[in-house]
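Student: Feature list, courtesy of TrEMBL:
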TRANSMEM  27-47  transmembrane segment
DOMAIN    41-287  domain 'G-protein coupled receptors family 1 profile'
TRANSMEM  59-82  transmembrane segment
TRANSMEM  102-120  transmembrane segment
TRANSMEM  140-158  transmembrane segment
TRANSMEM  205-225  transmembrane segment
TRANSMEM  237-260  transmembrane segment
TRANSMEM  272-289  transmembrane segment
Amino acid sequence: MGYENGSTVTEFILVGFSGDWQLQTSFFVTFSLIYGATVVGNILIIVTVAANSTLHSPMYFLLGNLSFLDMCLSTVTTPKMIRDLLAEHKGISVWGCMAQMFFMHLFGGAEMTLLIVMAFDRYVAICKPLHYRIIMNHRLLNIFIILSWTIGFIHTMSQMVLTVNLPFCGHNIVNNIFCDLPLVIKLACIETNTLELFVIADSGLLSFICFILLLISYTVILVTVKHKSPGRLSKALSTLSAHIIVVTLFFGPCIFIYAWPFGRFASSKVLAVFYTVITPLLNPIIYTLRNQEMQKAMRKLWIKQVNFV
């Protein structure tokens, strides 16, 4: 379904996964199970952190906020994608598309900032353990959370304010499973080179710089531990490995999609699925499977609920 040149576009058509009905059905079942597991897993982490007094520490407070952002990020795109798998008409209104992009970059920008805060938390915990509780106090944690949401809001508004009033006419096919800035901008009826460069600077370059800074910070932590207390190096490696995996899974697709947003990576459905569907599920799995304290708290919560019932 398309529009003739000159007519105003009122909706976009999302080109999802192509294939026969059987393949679409298998995708529907798979992504439905993944999304359900994502919601349940992240809610379980949030409830466990809130209900267990032994987990009322800065690290778990930040982990609970990360789980909330992961769940929100997945919810922005995944339910619509799942519905479209069994729908003949895969349309989304222009304003629905704008809302999807707004919230995706809001939660994405906030999570990007939160991952940097979590790296700082690990630095203080490993390199300055005696001052950890003094430095990572409740006031600073609240400031960090407010800062992450503020940066996320500024990040998304700086791009959406330039996108929302773009004229769209003629082509209305978005070659992806959800609306995203690089692909939607290309459909505008006017020249968008300046806006394309802004997206590269705002999303792509920012993702790349944050990723490099995080890797440098983890390296500094490991080098510091090696020099000050070689015996604690294995424990530091075990703690940081989960963070490094999460950071790589989050920033990897972002860098490919937004650092080269107007090339072939922007329309890569595999990267899109990994970023919005797979990563929000892997985060709770990585943190719970590698964290004995979290596992113990979850078992205690489960036993308490069983006894109550």
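Each residue, glycine too, has its Cβ placed from N, Cα and C.
Map the listed features onto the structure and describe their local environment.
Tutor: Here the transmembrane segment (59-82) has Cβ contacts under 8 Å with residues 16, 28, 31-32, 35, 38-39, 41-43, 45-46, 49-50, 92, 100, 103-104, 107-108, 110-111, 114-115, 117-118, 121-122, 125, 141, 144-145, 148, 177-178, 276-277, 279-281, 283-284, 287, 294 of the same chain, all six or more residues outside its ends.
Only residues 6 or more beyond the boundaries of the transmembrane segment (237-260), in the same chain, are considered here, and those with a CB under 8 A from a CB of the stretch are 108, 111-112, 115, 118-119, 122, 126, 180, 182, 199-200, 203-205, 207-208, 210-211, 214-215, 218, 221-222, 266, 268, 271-272, 274-275, 278-279, 282-283, 286-287, 290-291.
Sequence-distant contacts of the transmembrane segment (272-289) (same chain, six or more residues past either end, CB-CB distance under 8 Å): 31, 34-35, 37-38, 41-42, 44-45, 63, 66-67, 70-71, 73-74, 76-78, 81, 104, 176-178, 180, 242, 245-246, 249-250, 253-254, 257, 295, 298.
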Student: For the transmembrane segment (102-120), give me same-chain residues lying six or more residues beyond its boundaries with a C-beta closer than 8 angstroms to one of its C-beta atoms, as numbers and ranges.
Tutor: 59, 62-63, 65-66, 69-70, 72-73, 76-77, 144-145, 147-149, 151-156, 159-160, 178, 180-181, 203, 206-207, 210, 213-214, 217-218, 243, 246-247, 250-251, 254, 276
